[in-house]
Each structure stands twice: as C-alpha cells, then as structure tokens.
Amino acid sequence: MAIQTSNLGYPRIGLQREWKKTLEAFWSNKIDEEQFLTTMKEIRLQHVKVQQEKGIELIPIGDFTYYDHVLDTAYMLGFIPSRFSEFTSYLDVYFAMARGSKDHVASEMTKWFNTNYHYIVPEYEEGLQISLKDNRPLRLYEEAKQELGVDGKPVILGPYTFLKLAKGYTQEQFPTILKQLVAPYVQLLSELHTAGAPAIQVDEPIFASLTKKEVQQAKEIYEAIRKEVPNATLLLQTYFDSVEENYEEIITFPVSGIGLDFIHGKEGNLNAISKYGFPADKTLAVGCIDGRNIWRADLDEVLELFTTLQKQVQTKDIIVQPSCSLLHTPIDKTEETHLSTELFDALAFANQKLEELVLIHSALTQGTESISNELETYRNVHHTIRSSAARNREDVKAARTALKEEDFSRPLPFEKRYELQQVALELPLLPTTTIGSFPQTTEVRQTRKEWRNGVISNEQYEQFIEKETEKWIRYQEEIGLDVLVHGEFERTDMVEYFGERLAGFSFTKNGWVQSYGSRCVKPPVIYGDVAFINGMTIKETVYAQSLTEKVVKGMLTGPVTILNWSFVRNDIPRKEVSYQIALALRHEIELLESSGIRVIQVDEPALREGMPLKEKDWDAYITWAVQSFLLATSSVANETQIHTHMCYSNFEDIVDAIRALDADVISIETSRSHGEFIDTLKHTTYEKGIGLGVYDIHSPRVPSKDEMYTIVEQSLEVCDPKYFWINPDCGLKTRRTEEVIPALEHMVQAAKDARSLLKTNA
C-alpha cells in the first residue's frame, strides 16, 4: 500500500501579505497590469516551492487566486452577469464581478460554508452560454511544471458544489443546468489529464449536507463526466464535516479516490467506514490535521486514527492530508517569538502543519520509533498548555457555576420595553443610524502605528482619537442621523480590540488570514479562560455622548462573533468559551449603562456562520449561541435599547434564532444580497425593531437616494414602520470619507421621503 502526503490548499496572502499589497496597488493604479501579473506569479510559485521544500508530494495547483476561487470557477465557466458585458479584459470583468463598478453592483458575497472566508456568489442568467472560457488550472499546472519541475495536483471546485452555491435559477432548472456543466468539466479534466496531471482534486464540500436525491443527482453527473474522461485520476474531496448520511452511495462514485475530514467529521466518517467499509480499488485521503485551527496536532491521536483505519480499510493507497485547505490558517509561526513559550510551542500554522503531515507519513512508513523524539516533544507541549494557570481559573469556574435561569432573559417582553424606550429616546419614525465604524484613513492608521511604536505618547494618541471622534459626531449631526456612533477610530478590528482587553486572549504579530478579497484579518487566540479586566469602551463612548444632545450608541462585538472569529482553544466545548466571553461583556454593558449610554449595540455578524453544516446539529448550536447573547445583554434596564447587527448570512435558516435573541433592534445586510432577506420576510413575520441595510458598503460606488428609497419601500412592504430603522449594510471602516458622506446624505434623504409618504398615506 502506497502512502503519500498531500495538501488541499495553501494560504494565498503571502508571508508579509504581499498578495494583499499587490492587489491594492493594482486597484489604486500604483502598478500596471504587467507588474501585477508578474508579482502574482512570483507569489504563486513561491507558495508551490515552500510546499515542495516541506516534503509534500501532492502539491495543490490552482488554489491560488486573484480574489476568490469560486469567482475563478464562475469566470472559467462563463457565469458572467450581462451587466458587466461592457468590460472586455479578463481582469476588468473579474474585478467588476468581485467589487462592482461605477455603474453596476458587485455580485453577492457570502460566507464559505461555516468559515469566516467569503466567496463571490456565481450568478446564472437565462440564456447563459456555459462553456470552458479559460482552462486556468491547466495554465497553472503547466507553469509549476515548467518553472519549478513540480508535477502538481490541480484543484478545482466540483460541479455540484459550484452550482449549489450559485443563484439565479429555479429549483426546476437545476437538473438541466447541472447537465450543461458536464461538457466544460469534461474538457477541463481531459486537458489536465492529457497534460499529465498525476491526480486532480475535485472539491465537493457540499456533499456533507446533501439529501439522498441530491447525492443521486451528483452521482449521475460524475458518471457522465467519467464516461468521457475514463483514465484521469480524480480525487473527490469532502471537508468541514462527515458524509456519514450518504457515505454508502458516495463510495460508489466513479472516482479514483475520496477525501474525508477526520477532524470535523471524525465520528461520522469512522461510523460510516465501520458500517460500510471502503472500496479496495479507491485511494482513501485522510484529513487528519486540522486545517481550520492553529494548535499542534495530537500526534498520538492521529496515529491511533490510522491504526483504526488500517484495521477496517483494505485500500490500495492512503493519502495523509489536512482536513481542508490551509487557507483558513496563518502561514508560519516563526515570527511569533513574543508569545509565551507555552503558547508558542502549542501552535502550528500552515507551514508547521505541512511538517506534521511529513512526520505522520514517516511514522506510517518507517514506524513510530522514527519520530520518537518528536512524539515526546509533542506530549510535553500538550501537557504544559493543559495544566497552565490561564486555563484553570477558579473565579471563571465559580461565575459559570453561579448562573441562574433569570440571567438569560430581560425583565419585560419586547413590546412593553419598546414603548418605554420610545419615551426615553424620543426618536422619529424610521430612525436612521449607521452600523458603527467610520473610515480608518491613512492618517488614523499611521497615528496608531506611531503610538504603538512609541513615536507619540498615550496622551497625544488619545487627543487624536478625540479629534476624529468629534469631527465625525459633527458630520453625523450635519447629515441628520438620529442615533450616532463614536466611529471606532481606536479599534483596529472588531474582535481584536476586545480580545486585547480581556483575560484569556493572546495575539499574533503576523497571524493573518484572508476574509474576503484583499481584506485580511488577524484572529485573536483564545488560549485560556476568558474574564473581564477593566472597562473597554467606556471612555470613548462617554466622550462622544458628551459632544452631542443626540443619542450615541455603545458598540460591542458579541460573544458568538468573538468566538467564531478567533482561533479557539480545543480542550473545552466552544459553548463554555462563549459563556465566558458573554459574562465578561455583561460586565462591560452594565458599565456603559451606568455611564448614561442608553442604546448599546452588540454585533453578532458571525452567528450564522458558526452553524454546523448538518441541519440535525443546528438546534444544539443555536441554543447556546442565543443563550450567550442573552447572558451578555439581559441585565440592562427595560429603557435601555439593545441593538445587534448581522451580515453575509443565509438568514432564512435562523429567523427563529434572530427572534430568540430578543434584541430590541436588529440591523441586517440586505442590499449586497440583492434583497434576499426581504423575500424571507414575505413568508414570516418579524415583530421587533429591524433595519434592513439600504446600501452595500463593500463597493466604492455611492448609491443614489432613489436606489436606497427603493429598498426602504420594499422593506416596508414586509416590516412594520413603527419598528423599522434605516441603515447601511455594515460598518464604514473600509470606505473613504468622500464616499461615506454623500452616501449617508442620500440615505437620510431617502428616510425623510419615506416618512413623508407614510404621513401622507396616514
């Protein structure tokens, strides 16, 4: 039996975020297309070279992208919306789809399964001619072969997952469009096989959550493809969960090998193998290293997994690989020497995970004695972090034990609270507000950098933050917004900011991962018990409120979002970590309220993305996620208005959960998803305060008043005007001042027009 190492995908952004910087330089016309393509090629080949040097045998090719791999697939197959037909060059079309243009909105963006990565949603239009417009995987395969001598493994998004992620068709049209994908996929795979690709990885993550009927549909497509490409080595790759429910059928697919996730789907996949075995004529690709977290593997546990598999599986070949693409992890931990030894030793970023794969390969091919020293080191590291004081705080344990049922609910029901809040806040019909952040200009970022580097004093930095806050309070007053925000100029990131001020968190210097496009985030590391230390937002919020007679919102990030946007310790359940964060935020909210802040927003944009892929597992997650929010927010007075915010989610799955949060007002991304949530509300009622975002903040274009008014009009068909708010989709941190001010002016004017119409109709 042959055993090989493989990787499913490598982080794109570069060790020093060279990828991000190159993209943004190109977008701002600081480099031309030739320089852009040259630099991107250098980065792409460097990533292949690193994996080669680490000893990976099946190196992924084609996982690299200029923006998003789903967008790459859409372009490759001709899924190009007609509104972009005026563009002729590849890059102009590609980036217009991703980012929009002066005259046209971008394609929708949403979360990649239950991760914090965002993909561009493919759009199907009537009359679309589906064909292989560009065999990009072939070009990149040949490039790696010619430039580096690497006979790589092309990676493509599978036809079933691709079409399931697309929009614009009816369910009745789905089977027909799916069949139309056969020809371009046959051409793609045939050309790769002819070029000599030793194996082709076909990603089908959606297989973890298909119905029996859908699996049969998918099988028919693979049979049609295999009939035309009989000799290509196709590796069907699943990840993010088990395929237990459909395993018996999936192992009969006409493919050469099947990749299973034994981290996030370990129990289900092992159960399925135990029950149905594994085909002797197929390769089993074992996802045994966590591709979504940053902790060293438990090598003993991984080797035990292989012992179990080898007793049950008589396959011809085994592949040792991560559970999913390493896109979701930072690149290398070697620069994180500022961390404590116990934490640094416990980490494994992408490059360290590749080394772990090679260690496991050595143990499997040469015996565990060949890595005996490494095994001993790993055992010591795990023991040290498990027994650390940071993970065993008695005060945190006591606070958790003391929780009572009444800690999870507000004293009065929403309707009665809202009446009291209307009296206390004196807001107009259809109040306007923003989501929280204002532009982080070059000056803001530079001043923060100077402060962090000791170039300016704490006092100078605080004066600068106050100056920016006052400037934007005045802007908001002039624009005519009803509920103001302080602008969050002191915050780099909505999760990092709180993590820096809570016990149990640590921070990397270079632990960046891609969120969407060129936007990278540096998730905090929750390594210990989380606890409140001191006030985190009081000073800035109270200062902003002192500048105006209007209401200023306090702005916090919610417990579930902090959890889902962090790298989380894996020694206790996520629910327990979430409750720890909620208790710390509860303390902060009480301080804001006692300081005179009457509206407090607790953002939960990541609530939906944390949901398990399988519907049977949703209830358990939603229960503790909602309870975490309630634990954080339920101790305030009835007159204090609790807001929350969500974005980029499939909200129809969680309308009941949104209702259960019992927030007085929720603001939701609407315009980027082209009104999808408005459609959801046509089939259900939402009887609490709600603001449906009226413009997409991720595009540089300034929408007209009429565009926003149209969304308000559509929203009021499904929402009670008494409870309706008007706001942008998300925070405005990444936009420029000259984009934000006219957009908000248009938004306020749209609100005034809507109020006038309501009064006239009344």
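Glycine too: its Cβ is placed from the backbone N, Cα and C atoms.
Of the residues CYS520, CYS730, Swiss-Prot puts just one in the Zn(2+) site with HIS645, CYS647, GLU669: CYS730.
Taking every pair among ARG17, GLU18, TRP19, LYS20, LYS111, ARG519, CYS520, TRP565, GLU609, the residues recorded as binding 5-methyltetrahydropteroyltri-L-glutamate, the greatest CA to CA distance is 28 Å. Residues THR434, VAL485, MET494, MET555, GLN601, HIS645, CYS730, GLY731, LYS733 surround the recorded L-homocysteine site, their Cβ atoms falling within 8 Å of the Cβ centroid of ILE435, GLY436, SER437, GLU488, ASP603, which are themselves excluded. Counting only same-chain residues six or more apart in sequence, the Cβ atoms lying under 8 angstroms from the Cβ of GLY436 (L-homocysteine binding site) belong to VAL485, GLU488, MET494, LYS553, MET555, GLN601, ASP603, HIS645, GLY731. Here the recorded positions are ARG17, LYS111, HIS645, HIS698, and the one with the most other Cβ atoms within 10 Å of its Cβ is HIS645. Taking Cα separation as the measure, ARG17 (5-methyltetrahydropteroyltri-L-glutamate binding site) is nearest to HIS698 of the recorded positions ILE435, SER437, CYS647, GLU669, HIS698. If you measure from the Cα atom of LYS111 (5-methyltetrahydropteroyltri-L-glutamate binding site) to that of GLU669 (Zn(2+) binding site), you get 13 Å. Spacing of GLU609 (5-methyltetrahydropteroyltri-L-glutamate binding site) relative to CYS647 (Zn(2+) binding site) is 10 Å (Cα to Cα, whole number). For HIS698 (active site, proton donor), none of the binding-site residues have C-alpha atoms inside a 10 Å radius of its own C-alpha, out of TRP19, ILE435, SER437, CYS520, CYS647, GLU669.
Applying an 8 A CB threshold to same-chain residues 6+ apart, the list for SER437 (L-homocysteine binding site) reads VAL485, GLY487, GLU488, ARG491, MET494, GLY731, LEU732, LYS733. In space, ILE435 is the closest of the binding-site residues TRP19, ILE435, CYS520 to GLU669 (Zn(2+) binding site), judged by Cα positions.
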